[in-house]
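Annotated features, as they stand in Swiss-Prot:
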type	residues	note
REGION	1-37	region 'Disordered'
COMPBIAS	25-37	compositional bias 'Low complexity'
BINDING	His141, Arg142, Lys157, Lys164, Arg165, Glu166	substrate binding site
Amino acid sequence: MSARPEPQPGSERNATEPLPSHLDPTTYPRTLTTTHGPTSIPLHLELTYHTLSPTTALQHVSSPSSGANILFLGTTRDTFDDRPVARLSYTSYPALALKSLHKISSEAVEKFGLNGVYIAHRLGEVPVGEASIVVAVGAGHRGEAWRGAEWVLEVVKERVEVWKREEFVDGGMEWRENRERDGFGKLKTKKEDSR
């Protein structure tokens, strides 16, 4: 992925102009809470500038029919490729991202027989040690829940319109797509990344 272009002279925003709604933190969280299928499986999808709550995520997917509830928190590490990280910053195309999250969660319900799906992604600055994504799923049994949660996470990183800027302690920064690396942190080859 190429770096984002630098603003052209004269294109800077006037501080008194309002931000577009997709960049204005006061218009968030952007949420979609809905159900899937004839049995009304609960789906909660969220983009937010606020701290993520694991408890809230588990409350959304827990049910009497769920014998297994899986929770994943993705947190900001203090290094990336041996460079000390100051923070991450995320941006998104919210309307498209929520549409993608809805499609992914609906696919997961069908594919793994899940009883509930909760996906929340932070936007803006996320300091070291704080969560940038939470995925929670409920299912009748642990096998479906484990596989479903991992599948949801990997597909979210691959498909959803959220971009990450890594800001380093030395002052440098890099824009990245989440799909550039696999679940073990290894760079994907072009062949692996062709979709």
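Using N, Cα and C of the backbone, Cβ positions are placed for all residues, glycine too.
Structure with Swiss-Prot features highlighted.
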| residue | record | Cβ neighbours (10 Å) |
| --- | --- | --- |
| His141 | substrate binding site | 11 |
| Arg142 | substrate binding site | 12 |
| Lys157 | substrate binding site | 19 |
| Lys164 | substrate binding site | 18 |
| Arg165 | substrate binding site | 16 |
| Glu166 | substrate binding site | 19 |
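Here the binding residues for substrate are His141, Arg142, Lys157, Lys164, Arg165, Glu166. Their largest Cα to Cα distance works out to 37 Å. With DSSP states grouped into helix (H, G, I), strand (E, B) and coil, the compositional bias 'Low complexity' (25-37) comes out at 3 helix, 7 strand, 3 coil.
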